Amino acid sequence: MGIAAALEIFPDVPHVGVFDTSFHSSMPPSSFRYAVPSSLYDQGVRKYGFHGSSYAYVADEASSFLSKPKPNLILLHLGSGASMCCVKDGISIDTSMGMTPAEGLVMGTRAGDVDAGLFAFLSEKGHTIKEIDDMLNKQSGILGLSNLSNDFRVVSASHDADAKLAREVFVQRIRKYLGSYIVKLNGDVDAIVFTGGIGENDASLRADVLDGLESMGIAIDLAKNLAGSVDVGAAVSKTKVLVIPTNEELSISLQSVDAANIFPPLEAPATKAIISNPNKANTNKDCRALFAHGMEGSYVADEELALLQRFSARLETCGYFRCIARDGPNHEDYKITLMREHFNLDCDPEAMYGVTAEEAMDMLAHGQTDALYEKILTKYLAYCQDKDFVLVSNSKFGSDGVNFAAQMAQALGAPALLIGDFGNEGELAVVAEEFRKGSVEVAGAVVSGVAEGKVDNVSGALEEMGLKPVAILPYEDKLYKKTTAECVRILEDAQVLHGSAGEGVVKKIKVFTQQVADFMEHLDQEEGTLILTHASRVDAIMAMLLAMQSANVPGKLAGIILTGYEEEKMNPQLQYILNGLEHVNIPVIATSRDTWTTASAIKEAPVFLTSDSVEKISLSCALLDQNMDEEFVDFFVDDAGAGEMGGDIGPKLFQHSIFSKARALQKTIVLPEGDDIRVVEAASILTTRKLCKIQLVGNPATIKAHASKLGVDLSAVEVINPEEYEDLPMLTDSLHKAREMKGMTAIEARRLLVEDANYFGTLMMHLDKADGMVSGAAHSSANTIRPALQVIKMAPGASNVSSTMFMLLQDGVKCFGDCALNVDPSAEQLAEIAVFQAKMAIQFGISPRVAMLSYATGDSNSGELIDKVIKATEIAREMAEKEGFMERSMIEGPLQFDAAVDPAVAAVKLKGNPVAGRANVLCYPDLTSANAGYKGVQQASKCLAVGPILLGLRKPVNDLSRGATVGDIVNTAVITCIQAGGI
């Protein structure tokens, strides 16, 4: 009525509906599905959540307060209506209210969570549905417990026992959800946020809710809490505790403005929802990969097999890889078994998966998440080596399966193909958004089981949601039914006594326990009935076999299963008769299980494929062939499509790649700052993980003391005291000769080597006793670089030393330079920096697209700095073209930062340019902008920055910041190994 009235009064203005549930549309199925029959879910029975407008506003405010764009939050909207919300990476992943606001926390007059059996109990007591609804929604909660009021202020002020109980129950219900949400976030909670009338104004309640959680890093400052501050957390609290007043009206207004497009953004060009590069980040550039992710509850083996069949027809060597294997019969993953048998794959099944589910659970339980990714990556890359294409099958894993899958796809550098069933297109869109937030390209979607006449509807719906409809597969009944052969697989111990357990479809299961005369009255006329009877029922077996030979019984049985079978007790005459039934092709199967266990096993087992499911496999492949978008396959298969756009290696794959290369090279790295405890720990890690050989320069007693304090093993580390080093005379002579023309005496050379560890390390490299040096944790950049410039000298073609930073961003690794050395490089120097950065990128598996940065894009502005960048761009292009290591079109400038890295901005400012919007080597015009730029990006994205890595020296010397962590030292040493290896 209100909508109709508004439309009549304001016919010419946009009318927007803002739904309180929309904030929670990002919840995964594991959070929003109830454990009820799927038929109820099909009718919309699921959790939706409420208070969305409040949570949207408060989450945004908390994000601003924390200066973190995608925080992990636990939001508490506490008022007469109360709920909680769990926010991960800026989006809702769970909430306490359900299909209606009645679920969850205790509220003013609502009970919140109650036993579902209560409804039946009250109904049996004679209460009507309306009465039950009225009791639970209007007479319960704080009012029902306190027998006093639904106003929490009144109840809190009362000393009555019931009022105290009401408050305690309210607090304990909140703490119950708080604990579960902390677990959902793996303990990584940026802030707990109180809002709503009670949450904002009841300091005592806030203190009670968080009481005793100090051991979990959650503590409240009582004084700040009483004073009404925004941040009421104690100084020692790892997790922020915030009180943020909600503003639902403003939130609704902002959402309305956005929905009505009142202030439309610049229009970005239309893009196809297809992968930009199927080889993105794959270190084996000849192998294409696709990450197949099935929706919760969807069986996708048939789609995966059909996809692999399709690619196998176009590419010579195709493979199938499971990130996490499921333990099935004979301890084999059933999908791997299916693919090996159908495609005749002769490789070891253990090579076709990363880890088992048991291994994964154990590693996660021990906090070894990075090690889990590393192990899966290692096996995946080894498997890819001799393949043209690999279909990576995701295993649904853990309570946060979508997030795990997105991280896995991002780590493998593979675009994702989402596979789901008809009716769940909305879930596909939600999952696609999660993948995109994890910087995974979504290649498109496959939807199966689509009802007749609905194909175009589904295709259109996917396109509206930004998903490419790769294949819309119509419903085929046979694919959703078990066959007799599959029933044999399910029973495991089953054996076929007669006939062939083939592909007869099982439509019904009937148990024969009656007398023969009674059962014969119920013989089904429909084909596909599977009969179960005890092996001792010879009369029943003979009757059924006889009936199947009659022309008056048209319904062919799918098979007969004899339960309770014991070979030694089998009637020998019956077996003799079965052996002679040449013209009765009804499979007779025996199992030792009892009848009811057999029936349950067959009924409860999901529909699946085996390599014997020839008809199902043929049907699946035919459906895909007839309904698949040809452009999708062509783009993957054709070399032109595969190389159409260069890809950026992801952070996990980059780290795996460089560590693997370093381990293979086994270079010797000298660390001249052995007296620093961080360097000692790094040396231990580098040698323990067999990443390289280490020479640790310093006082042996100090180094030993550090090692003892850390509890680390230095047995594989060469500890060198310069003063006692046996080849010190050789180093002295070499340094003296190198600097003699500058007036250095042999005595001064020896003194420098003994007193200045950077000179000692440099001479170790100069005399080929070490391959590279990492220093700077306790020295200035000048002190680190000076000896190298004096002794090792510049690399051929280099006129100055510069640097680059590897920025391990979620959407791909990028190089930023020069962030450390050259204050105001000339155009010629800037061009050289760009070229050396590009060469470094190539060395580390990155196809360089170089952006020469400035404060303007193209010819949109002018000035001295822009002129310098324009000149440097042209010089860099000429250098690249002359040396032949990259195309000149892959260097572009001047570009602003947003035009360099954001495709939408680039499409407006420099449409069609191969670098704009996709740059991965960013060359800044001066040190001020470079240093501020990389630190700004690092702080905003919380990415790992490795470097600065020095460019232009004949041998690799790398400079650490004096605030370097142990991890920084390890990463820099690994980078140095690869520089030294020249690969």
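For all residues, glycine too, the Cβ spot is worked out from N, Cα and C.
Straight from TrEMBL, the features:
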type: ACT_SITE; residues: Asp20; note: active site, proton donor/acceptor
type: BINDING; residues: His77, Leu78, Gly79, Ser80, Gly81, Asp151, Phe152, Arg153, Gly197, Ile198, Gly199, Glu200, Asn201; note: ATP binding site
type: BINDING; residues: Glu248; note: Mg(2+) binding site
type: DOMAIN; residues: 493-604; note: domain 'DRTGG'
type: DOMAIN; residues: 654-977; note: domain 'Phosphate acetyl/butaryl transferase'
type: SITE; residues: His51; note: site 'Transition state stabilizer'
type: SITE; residues: Arg110; note: site 'Transition state stabilizer'
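By a simple count of nearby Cβ atoms, those within 10 Å, the most crowded of the binding-site residues Gly79, Gly81, Gly199 is Gly199. Sequence-distant neighbours of the residue listed as 'active site, proton donor/acceptor' (same chain, 6+ apart, CB under 8 A from its CB) are Phe50, His51, Gly52, Ser53. Using a 10 angstroms CA-CA radius around Arg110 (site 'Transition state stabilizer'), the binding-site residues that qualify from His77, Gly81, Gly197, Asn201 are Gly81. If you measure from the Cα atom of Phe152 (ATP binding site) to that of Glu248 (Mg(2+) binding site), you get 21 Å.
Gly79 (ATP binding site) sits 14 Å from Glu248 (Mg(2+) binding site), taking the C-alpha atoms as the reference points.
Same-chain residues at least 6 positions away in sequence with a Cβ under 8 Å from that of Asn201 (ATP binding site) are not found in this chain. Residue density at Arg110 (site 'Transition state stabilizer'): 27 other Cβ atoms are found within 10 A of its Cβ, drawing on all protein chains shown. All chains included, 29 other C-beta atoms sit within 10 angstroms of the C-beta of His77 (ATP binding site).
Here the CA atom of Glu248 (Mg(2+) binding site) lies 11 Å from the CA atom of His77 (ATP binding site). Binding-site extent for ATP: residues His77, Leu78, Gly79, Ser80, Gly81, Asp151, Phe152, Arg153, Gly197, Ile198, Gly199, Glu200, Asn201, maximum pairwise Cα distance 16 Å (rounded to the nearest whole number).
Between the CA atoms of Gly199 (ATP binding site) and the residue listed as 'Mg(2+) binding site' there is a gap of 15 Å. Under 8 Å, Cβ to Cβ, and six or more positions away along its own chain, Gly197 (ATP binding site) finds Leu78, Gly79, Ser80. With every protein chain in view, the residue among the recorded positions His51, Phe152, Glu248 whose Cβ has the most Cβ partners within 10 Å turns out to be His51. Of the recorded residues, Gly81 (ATP binding site) and the residue listed as 'Mg(2+) binding site' place their C-alpha atoms 14 Å from one another.
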